[in-house]
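Student: Annotation source Swiss-Prot lists ATP binding site at 7, 8, 9, 10, 11, 12, 13, 14, 15, 34, 115, citing sequence analysis. Look at Swiss-Prot and you will find 85, 90, 121, 125, 176, 185, 261, 273 tagged as L-citrulline binding site. The feature L-aspartate binding site is assigned by Swiss-Prot to 117, 121, 122, with sequence analysis given as support.
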């Protein structure tokens, strides 16, 4: 083993992993931190890595790439896993894995490592990504190898090796937290009883609907080829647009869900997720599609969406089948242009208007008044032909 590239967050787990790799593999460890909008202090992360004698430190701002090339393509499909989950963690892993492999090539490393546990989905997502990008890469997953099986053992290891442990990490935390620009998730510990209501003071992106503004807020989102491009007619970059929607949605208590999901490894897991901006985008995108997509095209998208969501959730972003579905989805978005008006209030996203130069909606046809383009008597033959099999059951 020549050199290892570690996906490094600067937290207790990956700081211990960093030292453990240095001790057990006797080779140089390169650290890579992806700034995906998680609001961590990147200078502190650099200081922690430097204190552990790391010579090559890569801390990269990938927020725009994350939203433009991963989040937006996913939202073109109106992607939801098991009815609720907008895949905030799942969609971040392919980008981290890709860049980790690129850094391995750049630095001459033959091995990559991650801090995902042996029970979760992330170990699969990371490693599927690694092997798709470099089939010959070596992978180290410390949580599947070492004897440190509890948080207390991690803390003891850290203290023994002079790794700084913040005071608030010296006791058992109530939740395991993952964050990026799309969402923040809370899992484990007190949430492991699915009947116990969580302490919502932990929320970082949102307030609960009870504490949300008492005044509704109206916003407009513009779309070009299925992607949002402006809020209230002000053009914004992908990352800035999502960031602004998070701020707007958060103060109205939008996008807080409490779910029990089915992990790929076969375990049911309960989580609290905050996705304010993504929830607004999902409603807005569905609304603009409702007037710009043909019925059969829209229904076909609805049919393939669960398969597409499952591929992303299970870590198959870089596969041929996901790319095939993406090509179909992207083709459907060529005329998904226009503006959607929404009302945000106490946890609700209400579509109150939509318009498009590519609209397929005909007021003349939809009206209850008589129409020259639609003869009511024509419906009789349509009904008789389509009811033939029903009358012969």
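Sequential numbering from 1, following the chain as shown.
Cβ atoms here come from the backbone N, Cα and C positions, even for glycine.
The structure displayed is predicted, hence computed values, not measured ones.
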Student: Using residue 13 (ATP binding site) as the reference point, find which of the binding-site residues 90, 121, 261 has the shortest Cα-to-Cα distance to it.
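Tutor: For residue 13 (ATP binding site), the closest Cα among 90, 121, 261 is found at 121.
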Student: 10 Å Cβ neighbour count around residue 122 (L-aspartate binding site)?
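Tutor: A count of 19.
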Student: Nearest to residue 9 (ATP binding site) by Cα distance: which of the binding-site residues 90, 122, 261 is it?
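Tutor: So, spelling it out, the nearest of the binding-site residues is 122.
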Student: For residue 9 (ATP binding site), which of the three DSSP-derived states applies: helix, strand, or coil?
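Tutor: DSSP call for residue 9 (ATP binding site): coil, neither helix nor strand.
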Student: To the nearest whole angstrom, what is the C-alpha distance linking residue 85 (L-citrulline binding site) and residue 122 (L-aspartate binding site)?
Tutor: 15
Student: Could you give the Cα-Cα distance between residue 7 (ATP binding site) and residue 122 (L-aspartate binding site), in whole Å?
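Tutor: Cα to Cα, residue 7 (ATP binding site) and residue 122 (L-aspartate binding site) are separated by 12 Å.
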Student: Within 8 Å of the Cβ centre of 117, 121, 122, which other residues of the chain have their Cβ, at the recorded L-aspartate site?
Tutor: 116, 119, 120, 123, 124, 125, 263
Student: Give me the Cα-Cα distance between residue 90 (L-citrulline binding site) and residue 122 (L-aspartate binding site), rounded to a whole Å.
Tutor: 8
Student: What's the CA-CA gap between residue 115 (ATP binding site) and residue 122 (L-aspartate binding site) in angstrom, rounded?
Tutor: 9
Student: Could you round the CA separation between residue 11 (ATP binding site) and residue 176 (L-citrulline binding site) to a whole angstrom and send it over?
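Tutor: Distance (Cα to Cα, whole Å): 11 Å.
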Student: Which residues of the same chain, at least 6 positions away in sequence, have a Cβ lying under 8 Å from the Cβ of residue 15 (ATP binding site)?
Tutor: 8, 48, 52, 158, 163, 164
Student: With ATP as the bound species and 7, 8, 9, 10, 11, 12, 13, 14, 15, 34, 115 as its recorded binding residues, calculate the greatest Cα-Cα distance and give it in Å as a whole number.
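Tutor: Largest pairwise Cα separation, rounded: 17 Å.
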Student: Specify the count of other C-beta atoms within 10 Å of the C-beta of residue 261 (L-citrulline binding site).
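Tutor: That number is 18.
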Student: Taking the Cα atoms as reference points, how far is residue 185 (L-citrulline binding site) from residue 122 (L-aspartate binding site) in Å?
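Tutor: Residue 185 (L-citrulline binding site) and residue 122 (L-aspartate binding site) have their Cα atoms 13 Å apart.
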Student: Could you measure between residue 176 (L-citrulline binding site) and residue 117 (L-aspartate binding site) for me? Cα positions, answer in whole angstrom.
Tutor: 12
